[in-house]
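Peer 1: Right, I'll just put the structure down here and ask away after.
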Amino acid sequence: ALEPLSVGLAIGVASALTGYLSHPRFYCSFVECCPRAEQRLNATALKAQLDDRLFGQHLAKDVVLKAVLGFSNNPSPKKPLMLSLHGWAGTGKNFLSQILAEHVHPAGLRSKFVHLFLATLHFPHHDQVKLYKEQLQNWIRGNVSACPSSVFIFDEMDKMHPGVIDAIKPFLDYYEEVDGVSYRKAIFIFLSNAGGDLINKAALDFWTSGKRREDIQLKDLEPLLSVEVFNNKNSGLWHSSIIDRNLIDYFVPFLPLEHRHVKMCVRAEMAARGYAVDEKVVQAVADEMTYFPKEQKIYSDKGCKTVQAKLDIHEDL
């Protein structure tokens, strides 16, 4: 027969081991867990990554960094963080949203707490708007219930059918809870080409007047951008109650990229592939891009979007 002391010791060891294995920190080292309420973003790491990987976007970096860190450090925000990123393709909107997602949830777009919606994929049919709105509300409600700090990214907002996005308005408003669920720790990000022409014109006006692009401030663009998007039938936010209720915290402009910024993108891509940076190749790839206006050729009309493909044909060099 087992001695009582031996049995007691075995039970104690088993209990301690069970407690250790079921501890959240141990469990979450193997399975992705929603961040704890007291967790904060690493401001230094986020800033360093934006500085190293996002080129020519002083405004976007500054605004998003301050907005996200302020939101993260607030133990009781009054509403979710809502950012609307605007600019032509290839200027870094997707890139910035991915970097941000990775700092909230390390798995980034692969995280079960980060949700990417593409207008042309998830909401393709105009006659299904009512259904899309119901599905969207159910999806967001379910995912925020599972993780309050969920991140929702809506790409191709300029291709979204009018009215669809208004379905999320109750979740963005200043409510403590909606049907027993608090959305105040969630982050919503819109990505849109709408307003790109306005942003490009403002950048060109600064260049024409001899001012540095780094002197462009948010106040120079944000008021115009919000009006432009609200009145644009092809913005996905046409006459949206989300804008009307001032629920978008920041309209973030992404400036058109110059030749020097394209070269930065080429160098970064070469380094990412493990290549030694060859300035002749950098120059060749940058020169193959097309630029506007037609006479001055200052800005890349595709930003850095085709850098990877252009670099592919130079790999033998």
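Using N, Cα and C of the backbone, Cβ positions are placed for all residues, glycine too.
Since this is a predicted model, take the numbers as computed values, not measurements.
Heads up, here are the entries from TrEMBL:
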type	residues	note
BINDING	Gly87, Trp88, Ala89, Gly90, Thr91, Gly92, Lys93, Asn94	ATP binding site
DOMAIN	257-312	domain 'Torsin-1A C-terminal'
Peer 1: Within 10 Å of the Cβ of Trp88 (ATP binding site), how many other Cβ atoms are there?
Peer 2: 23
Peer 1: What are the sequence-distant neighbours of Gly92 (ATP binding site), meaning same chain, six or more residues apart, C-beta distance under 8 angstroms?
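Peer 2: Looking at Cβ-Cβ distances below 8 Å from Gly92 (ATP binding site), excluding near sequence neighbours, one finds Leu54, Phe55, Gly56, Gln57, Ala60, Phe254, Gly303, Cys304.
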Peer 1: Any idea which of the binding-site residues Gly87, Gly90 has the thinnest Cβ neighbourhood at 10 Å?
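Peer 2: Selected from the binding-site residues Gly87, Gly90 on minimum Cβ neighbours within 10 Å: Gly90.
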Peer 1: Limited to the domain 'Torsin-1A C-terminal' (257-312), I'd like the whole-number average of pLDDT.
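Peer 2: The predicted confidence over the domain 'Torsin-1A C-terminal' (257-312), as a mean pLDDT, is 95.
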Peer 1: Restricting to the chain of Ala89 (ATP binding site) and a gap of 6 or more, list residues whose Cβ falls under 8 Å of its Cβ, or answer none.
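Peer 2: For Ala89 (ATP binding site), the qualifying residues are Asn193, Lys302, Gly303, Lys305.
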Peer 1: Non-local Cβ contacts of Thr91 (ATP binding site) (under 8 Å, 6 or more apart, same chain)?
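Peer 2: Result: Gly56, Gln57, Phe254, Leu255, Pro256, Leu257, Gly303, Cys304.
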